[in-house]
Amino acid sequence: MLGKQSPQNALFQYVNLEDLIPENHLLRRIDRALDLSFLRPMVEPLYVSEGRPSIDPEVAFRAMLLGYLFNLNDHRLHQELTMHAGYRWFCRLDFNDPVPDRSTLIKTRERWAKAGLLDSILAQIVQQCIERGLVQGDTLAIDGTQIPARAAVNSLERIGTVLQMEESDSDEDDDEPPSSPPRQAGNPDFHGERFSNATHRSKTDPDARLYRKGKGKETRLSYLGHYVADVPSGVILAAEATLATGDAETQVGRRLLAQVQQQLPHPSQRRKLAADKGYAEKNFLKETIELGFDPHIALQKEEEEPIPTWKRRTFSLDRLRRRKLKVQWAKARNTVRQLNRQPITAYVRHLRKRIEHLFAEGKEWHGLDRARGRRLWRIQIQTRMTAITQNLKRMAHFLHRHSPAGEGAGWFNMTGQSLWPPNQLSVSFQRAEI
């Protein structure tokens, strides 16, 4: 007999949210791994002791996390949070609890970011990964990626005000036809006009810069995102966003590595560092070696260079400093060349691709393929929240599998399958899935 469902609108329905979430669901795994006991004391100085109570900081952070975990913008997040039982359960909201307003979440997120709390939250999550045995800390990788800005090239206009010519009293000037007004943003005329970061700015997003990743690539208004990751576990130890400039990767890389070295256990331990040729810059090599890293970076010339010497002494302090720097730069490059001769170098360079997988995961599943907002500080929010989301996924799958540190720890896809064979030289790469 063919059945038919008859709609029955019961006046009261008793539903337990706990029963609606599958035991092996991603949200339940992340909820088990997520420890936000540090959050309330961290944000408490931003609020006064009197007045209207604010939104619970844990509820606000969990809602923000959902937006990056499932790549939902603020409008879509508010809609899904209203009707999605799993999202309500994750945010500790019952069916009868009001959903936080969209503008409240936006202002809370921006307020925390301007106070530097997102950096502290990321550091706390990384510390939890270290304490739980997920992070090994002996092999790191650093890299940057291009984040297209929310601005078109035709929004570019010249920097500064256009000086208007004063009218002349001569008859010849009166007979001259009026000159055409300067081009404005939104009115493109690309014939014969040259664009560069030195002469033009986007009216839509003044912080966006013209940038291309390499020769033959498209030049776009962009930002740069930077990661420092622990290779075996896939945990992002530090994340930053900067303007898209040619030396941004090496400049921010030195600062991030110094920060990571102090956060990891045994700060005096020497660690292997994998990076591409873009980091083969003299000051970067010199400072990373001084910090305690062994950079395995390919150089243009693999043969060792002679250490510079001078026949004449100098009594100029500036010249003496330059000479010492040249000696240090040459020694740093020779040190890298000696490291590159070791058998493990090919393996470490092979592992460098792992950090590119992190960028691919962030762009495919968590919205890092394009800027969510405008201005640099909003891109920094996006980069750090994406890193926090990816770290929580790593930690959730690590705890779900109950893997001890060093044995299968790290590189899990969204189904919990291990992607990391530490005892094999030939590593098979698989695509992370959600």
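Cβ coordinates are placed from backbone N, Cα and C, and glycine is handled just like the others.
Just so you know, TrEMBL annotations are computer predictions that nobody has curated.
Record features (TrEMBL):
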{"type": "COMPBIAS", "residues": "166-177", "note": "compositional bias 'Acidic residues'"}
{"type": "COMPBIAS", "residues": "202-213", "note": "compositional bias 'Basic and acidic residues'"}
{"type": "DOMAIN", "residues": "16-111", "note": "domain 'Transposase InsH N-terminal'"}
{"type": "DOMAIN", "residues": "212-392", "note": "domain 'Transposase IS4-like'"}
{"type": "REGION", "residues": "165-213", "note": "region 'Disordered'"}
> Counting each residue once, how many in the domain 'Transposase InsH N-terminal' (16-111) are helix, strand and coil under DSSP?
Replying inline: 59 helix, 0 strand, 37 coil
> Across the domain 'Transposase InsH N-terminal' (16-111), what is the average pLDDT of the model, as a whole number?
Replying inline: 93
> According to DSSP, how is the compositional bias 'Basic and acidic residues' (202-213) divided among helix, strand and coil residues?
Replying inline: 0 helix, 4 strand, 8 coil
